[in-house]
Structures are given as C-alpha cells and as structure tokens.
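As recorded in TrEMBL:
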type	residues	note
COMPBIAS	109-126	compositional bias 'Polar residues'
COMPBIAS	127-137	compositional bias 'Basic and acidic residues'
COMPBIAS	138-149	compositional bias 'Low complexity'
DOMAIN	162-237	domain 'Phage conserved hypothetical protein C-terminal'
REGION	100-149	region 'Disordered'
C-alpha cells in the first residue's frame, strides 16, 4: 500500500478528471520505475494489474470494476494507452500524460494588476511586496517555488547528490555505480520530492537501510527502485535498533565452551 500520494490539482482541473482518477494516474505515472515491461509493436507498456491497484490504493478503490472504469476514463482523456493481453492489463503514458509533473510559471504571465506597479503609477512601486510577502498565506502560489520542476539544473543537482551519496555508502565504483540520469530513478526521486520530502530525508533512508542490509542477503536491494519507491516513508520513519551482545560473546562471535574454560570459570581444577 502506498503510504502517501501526490495529487497535481492543477493538472486534474486542466484535464477535467476527478481526484480518484488523479490518484490513479499518479500511480500509473510512476509505473516505469517499478512495473514489468512488455514490448508490443515496438511500444513499451507496463503490466499494472487491477488487483495491484486495489492493494496500492485501498482508500480510493474497492472493486476491480471501478478500477477498470477509471482506467477507461484516463484512456478517453488521452492520458494513457490501455490494452489487454490475455489477462494482463498493459498501460503506457501518452505524450500528454507525461506532462503530469510540468507546471506553468504563473509569475511569468502578466498580472491584470501589473499596471499598478508600472510607470503610470510610480507611487505604487514596492508596496505590493511590503503588504504581501512572497511566501505569505495571501499568496500561496509562491509557496511552491521550491518545487518548480521545470528548473532542470536544480533537479539534476538533486538527482546527482542523492545517487552519489548512495554509491558512496554502498561502495559502488566504475560500472557498478547507479546513474543519476536514469529516467526510472529520476521519476522516483521526483515523486518523493512532490510529497515534500527533502534531500536530507533521502540520505537518512540510505543510511538506515545500509546499516541494516549491508553484508546481508538484503544488500542487493540497496538500489533506487527499492529505497525511493512506495515504502520510502516507512523506511524514513523506521526506528534503528541495536543488538546487544552477550558479555561472554567475543567480537567475532567465536565464543566457545571448553573443558579448560569451564574449570577456570568454576575454579575447579579436577583430578589428573
């Protein structure tokens, strides 16, 4: 089950889809990061079963038929291509759907009241910023400035810092290194950023799971698709536990019981 989901209200209104359909599309948008690929007629589709959607979004969907109807709506809106292959539900995002994370810069458009600060009204210059701070409740649009994902330089820097940190902690070198330019990796990181997680949160998750999994069979899961996927929040909030060793246990776990050791422990020399 997804612990949290990002809903792009602006896109939902633009595309005229409801919240339920928006939440469903948000899940499908991330499919390239975790779903199995199927190549059909030179097109890449992703296997996203209706049962999986029910498991991931139990707050929004209770029946398979409801999922199906909403998938058809998204298809009719031109957001996804949805086909059946046997019993498999195969989905791919359309060019229109891929703009889900793109925002228009509202500040770039001329405001109807812009003339108030023009040369025609020189007395009003500077007054707007004094009355309404950029990040005030009266001007909530500007609160999303940090999440302007059209700024490629900022995003690339974040991707690079996170993946470099992961490679460093897992001691990956050369061709073993994960790439910060991988579309799947970028999709996952961007989705978590949309949920208001920060760079430091990614580092905390990496640190916690490295401490838990390095040197074990789980080490192979120290990868972007596992760490930055739907369980990101649970990993972030996971409590770190420390296993205490017995006072008789050596650092290398090679404590052994011997006849000589028992004699010394109990102060008994025995008979020769």
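We count from 1, first residue shown onward.
Using N, Cα and C of the backbone, Cβ positions are placed for all residues, glycine too.
TrEMBL: automatically predicted annotations, no manual curation.
The average pLDDT the prediction assigns to the domain 'Phage conserved hypothetical protein C-terminal' (162-237) is 91.
Broken down by DSSP into helix, strand and coil, the domain 'Phage conserved hypothetical protein C-terminal' (162-237) contains 53 helix, 0 strand, 23 coil.
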